[in-house]
């Protein structure tokens, strides 16, 4: 039976859509991403920064991105240009003092209006590729850049955090640079978000250079790094894409999340069966995100974008803009560890534009912004409200009991196993409404669990004491991020060696490797 779905994009691939029994929107998305992968290889080979100007690279990257948008979404792709064009006008007209506020309100408001019309006027519940997906990424880029320009051209240096100082933009971008950043073919369909400085550095061919000042501050030495090939990293990520897609097309379809609220299942299944199926069904829903985000990362790497230097063993790192770490996600032993490794670039965006700048209750404000940005399905709000309770409860519980289980290693392993189970169940319980989308089935699910994790989380936050400083000052859970950072970084999933990259990627300094060759300018 053919798959019949409407699309605003091209219908050229409708026969392929019918053959593979997938919606045409999804087929268009995958084919366009595969085309972008080939274009990225061509872009790196024939339009390398050493062979052509930055202007040509900007133009080609933008035109290819707009073409892919038109192929996937038809005239709806005009929203990308409208949102970007008006935001750029706001930056020019309003000025650096207040433009970040106006850009934030406009970009998020425009995105929300588009999401409302798509969900409630056109296709409620249709979870295929849609034009609001790219707009979510563009909204992140618009707001991030507005804050970075505000930091770099208005705020005083001493007012900035190290992260803000590293990402600050010191000049207004041209319209071409702005459109290229927002709409380039490497990230137009699935992102991920990257900082403006990193993107411009890549386009201008400065990704493999480091500049350090001499001790007297008057002279600079420029270190040219040997440009590494992304081939191995791209092949590894494409392998992950293939496995994730295979898992999604086979196993995931046999474990629907909706079965958690099936009347017969609820009436006959035992509690352990319900818990196990909840975990397995949510785990089976993740590979489609693994596929989309890993493929997007591979496309950027294939173009030469995403190199982050070398690790302590001298191995190349192509994870500058990676959006997830699968091993850390599947073996997370805390709610924070899961969130730190899932949709990484969005978490960084939330931190930089909201958490670090919030004047009160940063955790609550951040979860609210995240819910608004994701869309207008009621399930999203139920997930993020539940996630807020789970996060605060997890921090409070951790502050009160973890120090009892640090040593010996056997006790730490036992603690890791228990916290892994608790984290995976809590995550699964929290995200069910995100998948179900609507109010009624989401409430039905929570009711079938008697709201047990909601009640437990609230009791933990209310009854257990918050962490105290040496001066005896009580720290509320939402103010505990910096104090708990060290312990979070020490945490490893089930004893495995867990790598948690720093959030302040803009301010990281790479050590000069023996692979680098130095030359004095």
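Placement of Cβ uses the backbone N, Cα and C atoms for every residue, glycine included.
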* Among 311-332, 333-354, 443-464, find the range that TrEMBL records as transmembrane segment. => 443-464
* Asked: TrEMBL lists region 'Disordered' for one of the ranges 398-421, 470-493; which is that range?
  -> 470-493
* Contacting positions for the transmembrane segment (59-78) when only residues 6+ beyond its ends and CB under 8 Å are counted -> 7-10, 25, 28-29, 32, 35-36, 39, 43, 47, 129-131, 134, 176, 179-180, 183-189, 203
* Long-range Cβ neighbours of the transmembrane segment (413-437) (under 8 Å; 6 or more residues past either end) -> 125, 127, 257-258, 260-261, 275, 278-279, 281-283, 285, 331-335, 337-338, 377-380, 382-383, 386-387, 390, 394, 402, 405, 445-446, 449, 453, 492-495
